[in-house]
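Notes follow the structure.
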């Protein structure tokens, strides 16, 4: 998606440890016009019947909420923390975060994912794929059906996307980064 | 807002400790059509010039993102956690959470709130008002100007909303709950 790539080149910054920061439009400040274009592009790439969009807190929520308008579906966001306000009756799975260097639990209330529903996963980043694998596990526990995953930015130099595609999962990433070396973003 | 009150009566549940759960449409699963109606209503109640919407992770994000479409503004969400991906150059404040029984730090990258910008705060709940006070403190640190706060559900039996209104802050709550006693939701 050219508009997105141009924006990454213009406003993205690269921090120590090959971390691409897109806080000015995707992660901390949200450019709602851009998110609408992203939502339209996800719809174009996933013309299939979709019953529900599943994402994961925190940074997936704004993207998924705007995109859902083009699918006419609700959004469910998986929660990473124990919260007093969350259902006791949940599907849960463990996810290892390389960014945070620890394992955490991801939960979705059972009543929000139903058998045979067609689920599109949307998230901001795909790198090692652990969060996405966790969501896929939860979808499977629910007996729902994964249509695919719409990702805004994939780190193509990490193995997550390729591993999941090799398992037959449809993954559509709007910008795939081949390299972040020397402080420059190179797209695939 | 009648549509919202009807939905709370239909799908909200009351848990131990006077916790109103609206996970089926506002906090865990998002009803995007309802969020659009909420966004329109916020615009109707805040016809003022707004430069930016400020909310706080997690549950404010989806509401603010959809509402921002009616204001043509970006959204900034304050972060509650230390994250490798967040700006080092931040405004921060301490907020005590009664729900979680602990104090946490709320941060906004300095470049995302600018002097003299007109800021609308949007959040899902207002109870004791501590989170909202924290956001107001951050807006003040930035030298930006608070237009007001748009709240989806206010617990009118807690003091936060009244205290802040007494300070002259414009607070518009779309549903104000007078009581949750005996397992029933009574609106003001």
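Placement of Cβ uses the backbone N, Cα and C atoms for every residue, glycine included.
Those TrEMBL annotations? Automatic predictions, nothing curated.
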According to TrEMBL, B:20, B:27 bind xanthine; so which of B:155, B:167, B:170, B:188 is the extra one listed there? B:155
Binding-site residues near chain A, Cβ-Cβ under 8 Å, from B:128, B:129, B:130, B:155: none
Which of the three DSSP states, helix, strand or coil, fits residue B:128 (5-phospho-alpha-D-ribose 1-diphosphate binding site)? coil
Across the domain 'Phosphoribosyltransferase' (B:23-156), DSSP yields 43 helix, 48 strand, 43 coil
Relative to the Cβ of residue B:130 (5-phospho-alpha-D-ribose 1-diphosphate binding site), which residues of the same chain, six or more apart in sequence, are found under 8 Å away? B:95, B:96, B:97, B:98, B:160
Those residues of the chain, 6+ apart, with a Cβ under 8 Å from that of residue B:155 (xanthine binding site): B:20, B:125, B:126, B:127, B:177, B:180
Residue B:20 (xanthine binding site), DSSP three-state class -> strand
Counting Cβ atoms within 10 Å of each candidate's own Cβ, which of the binding-site residues B:27, B:128 comes out highest? B:27
